[in-house]
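Enquirer: Just passing along the structure, written as structure tokens.
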Amino acid sequence: MIKSQYPGTFRSGKDLFDAGLLRTHESIKAFYLFMGVLKELIVNATPTATHFFIKKLADMKKLKRVYTQNIDNLEELVGLEVDWQLERVKHCQAQVVQLHGTMAKLRCSACTNNYSFATQYCDVFKQGEAPNCPGCEEREDARIEQGRRPHTIGQLKPTVILYGDSHPKGLEICQIAAQDQDKADCLVIMGTSLRIPGVKALIKDFARAVHDREGYVILVNATDVVTKEWNGLIDYQIEGTCDEWVKLVDIELSNIERTTAARLLKNQE
């Protein structure tokens, strides 16, 4: 759909997340169209077995934090706490840190106010345009009534981090990660190609911290992505889908719970 409307503007789907794409009028329109289509897909998406398993770990007090590259915000749908603005760094209560932002919010390019990405905005994006900021429009109407000169009306854009962009909360993420590394005793890496430099660096830091506590680092991915640079960092690689793996682990956890309960009951007799 996007390729047919804007031929030649990008070579692959990855290019649509590249900040370098936003240089020409046609490429910007293609980007906005993609954002509208993507948001509609996200609205109709449902959490997977992996999401529910992570929530179970949180309920069992076995989860320290989730660092996700996903922007669909499905973690929040299963009840995990998400603080996309990371307003509290020390003793951060958010269970999910969104490394690449979220499609749940829009930010004004002028006043920087944030708004929920309501489905009403999808139609505007799908026309290859960005919706105007309602706050800017309201203030502009007031200025006109007062006979004052007009100001710029900002446009709303998804709060996603594109390739080549710096993360506005990069410092906060580093601080939270440093706190978590002081307590990490197990790292599970799920469904990633291990190619994005910033994410690779974060994983390596966590892996070293986990090994300092004699813990284990586990990678779960549908294909083999481990190269020599990961020697000594990843202890176990599970080749398979994340959903398949968590279902097997969930069965084992249930068996452990039953065994523990039976042992406690026997000791009480």
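Going from the start of the chain as shown, residues are counted 1 onward.
Cβ atoms here come from the backbone N, Cα and C positions, even for glycine.
TrEMBL lists these features:
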- 1-259: domain 'Deacetylase sirtuin-type' (DOMAIN)
- His100: active site, proton acceptor (ACT_SITE)
- Cys108, Cys111, Cys133, Cys136: Zn(2+) binding site (BINDING)
Enquirer: Of Cys108, Cys133, Cys136, which of the binding-site residues has the most Cβ neighbours inside 10 Å?
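Expert: Within the set of binding-site residues, the most crowded position is Cys133.
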Enquirer: What's the CA-CA gap between His100 (active site, proton acceptor) and Cys136 (Zn(2+) binding site) in angstrom, rounded?
Expert: 26
Enquirer: Quick one: which residues besides Cys108, Cys111, Cys133, Cys136 have a Cβ within 8 Å of the Zn(2+) site's Cβ centroid, in sequence order?
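Expert: Once Cys108, Cys111, Cys133, Cys136 are set aside, the remaining close residues are Ser109, Ala110, Thr112, Asn113, Asn132, Pro134, Gly135, Glu137, Ile153, Gly154, Gln155, Leu156.
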Enquirer: Over the span of the domain 'Deacetylase sirtuin-type' (1-259), how high is the average pLDDT in this prediction?
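Expert: Within the domain 'Deacetylase sirtuin-type' (1-259), the model's average pLDDT equals 93.
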Enquirer: With Cβ-Cβ distance below 8 Å and at least 6 positions apart along the chain, what are the contacts of Cys111 (Zn(2+) binding site)? List them in sequence order.
Expert: Cys133, Gly135, Cys136, Arg139, Gly154
Enquirer: Tell me the Cβ neighbour count for His100 (active site, proton acceptor), meaning other Cβ atoms within 10 Å of its Cβ, over all protein chains shown.
Expert: 20
Enquirer: Any idea what DSSP makes of Cys108 (Zn(2+) binding site), helix, strand or coil?
Expert: strand
Enquirer: Work out the three-state DSSP category of Cys133 (Zn(2+) binding site).
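Expert: DSSP call for Cys133 (Zn(2+) binding site): coil, neither helix nor strand.
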